[in-house]
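Quick look at what Swiss-Prot lists:
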BINDING   36-39, Lys96, 227-229, 293-300, 364-367  ATP binding site
CROSSLNK  Lys352  SUMO2 cross-link
MOD_RES   Lys125  N6-acetyllysine
MOD_RES   Tyr160  3'-nitrotyrosine
MOD_RES   Lys271  N6-acetyllysine
MOD_RES   Lys326  N6-acetyllysine
MOD_RES   Lys447  N6-succinyllysine
MOD_RES   Arg492  omega-N-methylarginine
MOD_RES   Thr518  phosphothreonine
MOD_RES   Lys585  N6,N6-dimethyllysine
MOD_RES   Lys585  N6,N6,N6-trimethyllysine
MOD_RES   Lys585  N6-methyllysine
MOD_RES   Thr643  phosphothreonine
MOD_RES   Ser649  phosphoserine
REGION    1-80  region 'Required for interaction with ELAPOR1'
REGION    125-280  region 'Nucleotide-binding (NBD)'
REGION    420-500  region 'Substrate-binding (SBD)'
REGION    632-654  region 'Disordered'
MOTIF     651-654  motif 'Prevents secretion from ER'
Amino acid sequence: MKFPMVAAALLLLCAVRAEEEDKKEDVGTVVGIDLGTTYSCVGVFKNGRVEIIANDQGNRITPSYVAFTPEGERLIGDAAKNQLTSNPENTVFDAKRLIGRTWNDPSVQQDIKFLPFKVVEKKTKPYIQVDIGGGQTKTFAPEEISAMVLTKMKETAEAYLGKKVTHAVVTVPAYFNDAQRQATKDAGTIAGLNVMRIINEPTAAAIAYGLDKREGEKNILVFDLGGGTFDVSLLTIDNGVFEVVATNGDTHLGGEDFDQRVMEHFIKLYKKKTGKDVRKDNRAVQKLRREVEKAKRALSSQHQARIEIESFFEGEDFSETLTRAKFEELNMDLFRSTMKPVQKVLEDSDLKKSDIDEIVLVGGSTRIPKIQQLVKEFFNGKEPSRGINPDEAVAYGAAVQAGVLSGDQDTGDLVLLDVCPLTLGIETVGGVMTKLIPRNTVVPTKKSQIFSTASDNQPTVTIKVYEGERPLTKDNHLLGTFDLTGIPPAPRGVPQIEVTFEIDVNGILRVTAEDKGTGNKNKITITNDQNRLTPEEIERMVNDAEKFAEEDKKLKERIDTRNELESYAYSLKNQIGDKEKLGGKLSSEDKETMEKAVEEKIEWLESHQDADIEDFKAKKKELEEIVQPIISKLYGSAGPPPTGEEDTSEKDEL
């Protein structure tokens, strides 16, 4: 006889207050992070309000990109995305499309066709293989890449707050299953963050929205269409209490899919016009991706956009126009498909269109005019709410929840109830799906049921855990399998085995089984966990992450020291060659000595780009020891020689 494990229940967001206050550990300032497929965003609850924090480039959203340069430097965020076209094979993005999934997952197989970097199979999971500089190849788990993005968000918050950040609330799509949620928590651990809560993106958006809408009961529909995922949630908000009534969506629909359609259109068009297939040139495809994304954004506010790419392919330029009408035509089936989950959510919550009080649009893709029009038409002309920046709403809500967990009183009596998005059940004789937890059950939840053996003296039962709505398990999604062994010999149907499913506040499942006859209790490990990182792997990845940070620091120091020597040598060279300045004041002997010393160092630099910090420092000191006495003699003082830094400001005085 067989059973199943719980899906990705939607997280409960329980904003507890005074009763936890006494026993709460000091967690410092907890940050809220929207770890997105394409962009990430971080916020903090401070002085009674949410601050969305800008990164070092001044941007409030950061690309979820990590790159490794040929020089061995690691770039994260804007810097990584900006060099995508020149280094596509070693620029990693869309890690969220791979996290917590198995190699054989059809969506993984579909995705890797379009990713410019190499994805390989390791321990039945997709791993990312890149050249990290110096001819070294390294494979990373998707969790490690996500951890690097989380580290960037953590550092962004630390720079703003002026102190260390150790605890966070991180958001995931409502449809993420157990493995994907666990993998996201693991990414936090690797980044040195204690992820206190995993919360659903639409839930977070509802919190952001709910803060200023506190009177009476309201039905809110959250329509969240981002770069990689689509979620629809129906929430009721009553005096600060949120309840997620129903959710639906598509884990694999978003802005990137719209870009892909446009790219395919232009690749075909280019082949038709020139007979050339650009697909085989990664760099050309990435250039096109970048320009198509820009054009798509422009079309939200204008009716046509020009796509110009210099030396696009084999030295030829690319120049085409994309109209809003063409963009809509290429994606119309995808746009229309977003209405199905909206319909489903209304059916699940027994509500009519007219019962919806507010429609909240979240995610950058909801800026597309056609999407806004379809939503408005679906709700018979009702205008969606525009009170929230769609890029920041999720991080905003996560920051409010983080404020609650920090013990910040200003968030008030905010409570949020969440639900399990799919029915969870087990397989019983004949491949029947026996339901344990119906979809849209509020979590956290715990359900138990008694099962028995299917044959005489059966020592083991195999339990298969499924999620889905179909009556037969073959049509549903297998989440995991485990065995309960050591059942004493008995006729079929006699042993009583109590199986308990428990979903915690993060929507993560625990399964316990108890043989009622013997009182033997076993905690069951779902084989799904085998796709998770082991504690040892996580520890190794944490160490790797620390090592990377250390290497990044060392590399920067080395580059800075090299630059100091270089600018010092060139500054001297320029001044010696300038008759108005140092060149006109030196004796020919001193001039020759200095010129020779400077040339030696410049030649040495050209052939020793990869020297150690100590070598650069030593060479600079050697040069100073030759130059210093000459300059001192010239000025009759023991003042320091001109340095590279002084070059710009002190130049005129020499």
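Using the three backbone atoms N, Cα and C, a Cβ is placed for every residue, glycine included.
Here the features listed in Swiss-Prot are painted onto the structure.
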{"residue": "Gly36", "record": "ATP binding site", "contacts (Cβ under 8 Å, 6+ apart)": "Ile61, Ser64, Lys96, Gly226, Gly227, Gly228, Val394"}
{"residue": "Tyr39", "record": "ATP binding site", "contacts (Cβ under 8 Å, 6+ apart)": "Ile61, Thr62, Pro63, Ser64, Gly227, Gly364, Asp391"}
{"residue": "Tyr160", "record": "3'-nitrotyrosine", "contacts (Cβ under 8 Å, 6+ apart)": "Val44, Glu51, Ile53, Ala54"}
{"residue": "Lys271", "record": "N6-acetyllysine", "contacts (Cβ under 8 Å, 6+ apart)": "Asp277, Val278"}
{"residue": "Arg297", "record": "ATP binding site", "contacts (Cβ under 8 Å, 6+ apart)": "Arg367"}
{"residue": "Ser300", "record": "ATP binding site", "contacts (Cβ under 8 Å, 6+ apart)": "Arg367, Ile368, Pro369"}
{"residue": "Lys326", "record": "N6-acetyllysine", "contacts (Cβ under 8 Å, 6+ apart)": "His265"}
{"residue": "Lys352", "record": "SUMO2 cross-link", "contacts (Cβ under 8 Å, 6+ apart)": "Leu346"}
{"residue": "Thr366", "record": "ATP binding site", "contacts (Cβ under 8 Å, 6+ apart)": "Phe223, Asp224, Leu225, Gln372, Pro384, Pro390"}
{"residue": "Lys447", "record": "N6-succinyllysine", "contacts (Cβ under 8 Å, 6+ apart)": "Leu436, Ile437, Thr500, Phe501"}
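Within 10 Å of the C-beta atom of Thr518 (phosphothreonine) sit 11 other C-beta atoms, taking all shown protein chains into account.
The recorded positions near the residue listed as 'omega-N-methylarginine', taking a 10 angstroms Cα-Cα threshold over the set Lys125, Lys294, Thr518, Lys585, amount to none. Under DSSP, the residues of the region 'Substrate-binding (SBD)' (420-500) split into helix, strand and coil as follows: 3 helix, 40 strand, 38 coil. Cα of Lys125 (N6-acetyllysine) to Cα of the residue listed as 'N6,N6-dimethyllysine': a distance of 69 Å. Put plainly, the recorded positions Lys125, Lys294, Arg492, Lys585 were compared by Cβ crowding within 10 Å, and the winner is Lys125. If you take every residue in the region 'Required for interaction with ELAPOR1' (1-80) and average the pLDDT, you get 75.
Here the C-alpha separation of Lys294 (ATP binding site) and Thr518 (phosphothreonine) works out to 66 Å.
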